[in-house]
Structures are given as structure tokens and as C-alpha cells.
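Engineer: Swiss-Prot lists these features:
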BINDING   74, 75, 148, 149, 178, 186, 189, 190, 191, 192, 193, 194, 244  NAD(+) binding site
ACT_SITE  74  active site, proton acceptor
């Protein structure tokens, strides 16, 4: 994953918007700002039906863009980050709607950001993703990435999920309850937090196992290091990646999860303060 951006030679910036929402006004404002720096704004083909701007499929958009803007909420950014890993491209999150943990500023603040950006005043953070290996009953392995989390939960018919977790074929825990969250540090402030999991610093090389509504009083979240791969077995459960992709666990012979070697470059304002964000979002202190 790229460690720096050649901000002096940016030619094209891609843009992907929150789905099913018209953001034409915001797109035109970004185009106007970028034109000052002689940068072309190109769109994902589903981002606008009206605007007369170059439009591309997602793969082509990543290929031709120096980096890509996510205009929406955290969900838009999360799905884009998984794609960005395939093309070694950075992502900038601008929020449109509810404020999240991952997007940094609104379109109204974009002029100030890009003025600083094109002077080299920005920072890049590279959080790690989870690798998920799904092996079907014919032995074919499908690898997926998760930016926030992988959630194993009971289906509608099951009264309780029974989830077994192994490392190197040795069982080290089993969970009875509503489910299990496997979260990245970046995802530790999402579903993991609402299930009383710990907040882990975004750039830590670790991941978290957090039980959901455990039927045991002694089950607690655990933080595991990079290089610690787990195998998860559960019948009649659903595996969900980032709240966006669902798989029936009965369809697979083996499911393994661990912190990936892949990370994604996120562009932030230079003055971004992770702990100040936590303080504001979680109402810490005064």
C-alpha cells in the first residue's frame, strides 16, 4: 500500500457517492474546487444520472484515478476501502449525511482541505483489514476482506448460536449466545463497541473477538495479535462482512479469519486527532 501521494502531480480524482441519494450539488462544488488546481473529477457511473461528467465502472475508476473520494457515510467508505486494496489507491472520506468515525469533513469544508492538500498539508493512515477465507465443501477457497468486522449470528430459526473457535486445530473457546464479532481496530468503535467490546487504536496490529449477548457470565472480549489466525465453526448461522455481504455458514467446510497483510491508505487532514474524535463522538469529559 502506498506510503505517500504525489500531490504535485495529481491529474484525476475519482468520486463514489452514497447509493440512492442525489448529491449532484455537492459533486459540482467539488468539481469547481478541484478545477482550481487543474484536476479532473471523474465519477462512478452510478453516482449521478444527470451531471455531464466522465463516468466509469468501479474498476476502471480506480485504474485511472490518482486517488478516490468517498462522498457519503461510513458505509460508503468501508465498501470503497475494500476495493481500494485491489488497486493500491488511497481513499479520502467526505461525509454527506450522518457524521461518522471515518469521514472527516463536509463538502462545505472541502475548499480549505484541498488548499492545504495541494501544499502537502495532509496525513495518511493505513489501518489493517481482516482476511476471511471461506472454503466450500468442494475445497474451493474464497478470500474476502473486511474493513470493520465479521459478524457470526444466529439465523431466524435458531434460538441460540453455538460457535466454536479453533487455532491450529485446537479449540480455545466456544460461545453460546446471539453471536460473535471479529473486529478490526478501525471497526472497534462500531458494532463491537455497542456489544461492550474494547476500543483499540486504529493503527494497532491486532483484532478483537467480542461475544454478543453471551449466555455465560465469564465470556469476555479478547484482543489477538497479527499472525493469530482462527477457524470458526457454527451450524445454522450467518456470517456477515461489514454489514454488507452475507454467507450461510452451513455452505462452507471451513472459515478462517485473521488480520490481513493488506491495509488501506486513508487521506486525512493534517490536524486530525483520533482521541479528540473519540471524545466528541462518545461524549467523553466536558
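Backbone N, Cα and C atoms are what each Cβ position is placed from, and that goes for glycine too.
Bear in mind that the values here come from a model prediction, so they are computed numbers and not experimental data.
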Engineer: Rank the binding-site residues 148, 189, 244 by how many other Cβ atoms lie within 10 Å of each Cβ and give me the one with the fewest.
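Structural biologist: Least crowded of the binding-site residues 148, 189, 244, by Cβ count within 10 Å, is 244.
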Engineer: Which one is it: of the binding-site residues 74, 178, which Cβ has the fewest other Cβ atoms within 10 Å in this structure?
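Structural biologist: Across 74, 178, these binding-site residues, the one with fewest Cβ atoms within 10 Å is 178.
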Engineer: Once the chains shown are all counted, how many other Cβ atoms turn up within 10 Å of the Cβ of residue 193 (NAD(+) binding site)?
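Structural biologist: Residue 193 (NAD(+) binding site) is surrounded by 18 other Cβ atoms within 10 Å.
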Engineer: Does residue 191 (NAD(+) binding site) have same-chain partners at least 6 apart in sequence with Cβ under 8 Å from its own Cβ, and which are they?
Structural biologist: 148, 149, 151, 181, 183, 243
